[in-house]
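Trainee: Copied straight from Swiss-Prot:
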BINDING   Glu92, Asp113, Leu115  Mg(2+) 1 binding site
BINDING   Asp113, Asp116, Glu278  Mg(2+) 2 binding site
BINDING   Asp116, Gly117, Ser118, Ser119, Asn209, Tyr242, Lys272  substrate binding site
Amino acid sequence: MSKLITIERHILEQQKNFPEATGELTDLLSDVAFAAKLVRREVVRAGLVDILGFAGSTNVQGEEVKKLDLFANDKIINAIGQHGRFAIMGSEENEEIITPPNNENGSYALLFDPLDGSSNIDVNVSVGTIFSIYKIKNSDPRKADISDCLQKGSEQVAAGYVIYGSSVVMVYTTGNGVHGFTYDPTIGEFLLSHENIVTPKHGKYYSINEGSYAQFNDTTKKYLDYIKEEDSATGRPYSTRYIGSLVADFHRNLLTGGVFVYPPTTNHPNGKLRLMYEGNPLAYICEQAGGRATDGRRRILDIDPSELHQRTPLYIGSEDDVRVAEEFEQGIR
């Protein structure tokens, strides 16, 4: 019988690979796992309680906020911020940075999207939480500010996501491989189910919202025409798989191989996805699993951010597939 390894135990085991570790990051990841359990509890009950529908407000992105978005955001801030282990936090739902109480001993910054894909929750499609952790630059946690959040993705010390679907899965990396855990509701624990995830170098799926085809530039249209052509030597045509929930589309492609593309459009020439809350954490995970992530021209993790809610195009997934998409975007093909 295989051993049952909880996420907390696995994090502690991973800590042994770093003799200089203080255990603080281990506690932070455990806090994130706990917050995910709280969000999961409400997501699975969403149709039974008054938590569906819109809250009657818009977020900093100009999007209508759903009640469950606000619930998830508040739960994560309260569950994680109360321990004082984070000096500063940033949420996709909050315009400004968040300073947790009792943060004088915090050494890290947390950036998160509390409920990615929440527009799908009413129709029982998978949604998720995405998070990113950085070491703050400021020597005094009480003086931590937005500059501690605006770091390149390559500076991340941990990143992960939780997908709430037919099962609840948490995936994380601390720069030493990618590991996945499935939630067992009978014991209330995340158990190791996907150790050392490695994404295929070449896949057969592509994920893109083709409903925006008229807004795509010519290079994106040429790319789509290319991957639909018959060519057994290159494994074409690809099959499309698009849920409309980034974390769900990314998770599937991470395991099975493929590419997720959210290119520039006429409505969003700088891209639509958020660099700090979606691009960076997923790029870190993808690279740790052997994949590739760019904005079509630059490595996502090398982008120097200038805004907390900065947007970016995103090409992410299997290395070979992302390179092909890049070549079209750059006009090489």
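Keep in mind that glycine also has a Cβ here, set from the backbone N, Cα and C atoms.
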Trainee: Looking at the binding-site residues Ser119, Tyr242, Lys272, Glu278, which has the shortest Cα distance to Asp113 (Mg(2+) 1 binding site)?
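Mentor: Spatially nearest to Asp113 (Mg(2+) 1 binding site) by Cα position is Glu278.
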Trainee: Between the Cα atoms of Ser118 (substrate binding site) and Glu92 (Mg(2+) 1 binding site), find the distance and write it as a whole number of Å.
Mentor: 13
Trainee: C-alpha of Glu92 (Mg(2+) 1 binding site) to C-alpha of Asn209 (substrate binding site): distance in Å?
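Mentor: With the alpha carbons as reference points, the distance is 22 Å.
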Trainee: Have a look at the binding-site residues Tyr242, Lys272, Glu278 and say which one has the shortest Cα distance to Leu115 (Mg(2+) 1 binding site).
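Mentor: Given the candidates Tyr242, Lys272, Glu278, the nearest one is Glu278.
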Trainee: I'm trying to understand the geometry here, so how far is the Cα atom of Tyr242 (substrate binding site) from the Cα atom of Asp116 (Mg(2+) 2 binding site), in Å to the nearest whole number?
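Mentor: Tyr242 (substrate binding site) and Asp116 (Mg(2+) 2 binding site) have their Cα atoms 15 Å apart.
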Trainee: Which residue among the binding-site residues Glu92, Asp113 has the fewest other Cβ atoms within 10 Å of its Cβ, if you could check?
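Mentor: Each of the binding-site residues Glu92, Asp113 was scored by Cβ atoms within 10 Å; lowest is Glu92.
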Trainee: So around the Mg(2+) 1 site, Glu92, Asp113, Leu115 aside, which residues have their CB within 8 A of the centroid of those CB atoms?
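Mentor: The surrounding set, listed in chain order, is Asp69, Ala72, Asn73, Ser91, Glu93, Phe112, Pro114, Asp116, Ser118, Thr129, Ile130, Tyr277.
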Trainee: Rounded to a whole angstrom, what is the C-alpha distance between Asn209 (substrate binding site) and Asp116 (Mg(2+) 2 binding site)?
Mentor: 16
Trainee: Pick from Leu115, Asn209: which of these binding-site residues has the biggest number of other Cβ atoms within 10 Å of its Cβ?
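Mentor: It comes out as Leu115.
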Trainee: So around the Mg(2+) 2 site, Asp113, Asp116, Glu278 aside, which residues have their CB within 8 A of the centroid of those CB atoms?
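Mentor: So the extra residues in range turn out to be Glu92, Gly117, Gly128, Thr129, Ile130, Tyr161, Leu246, Val247, Leu273, Arg274, Tyr277.
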Trainee: DSSP three-state call for Glu278 (Mg(2+) 2 binding site): helix, strand or coil?
Mentor: helix
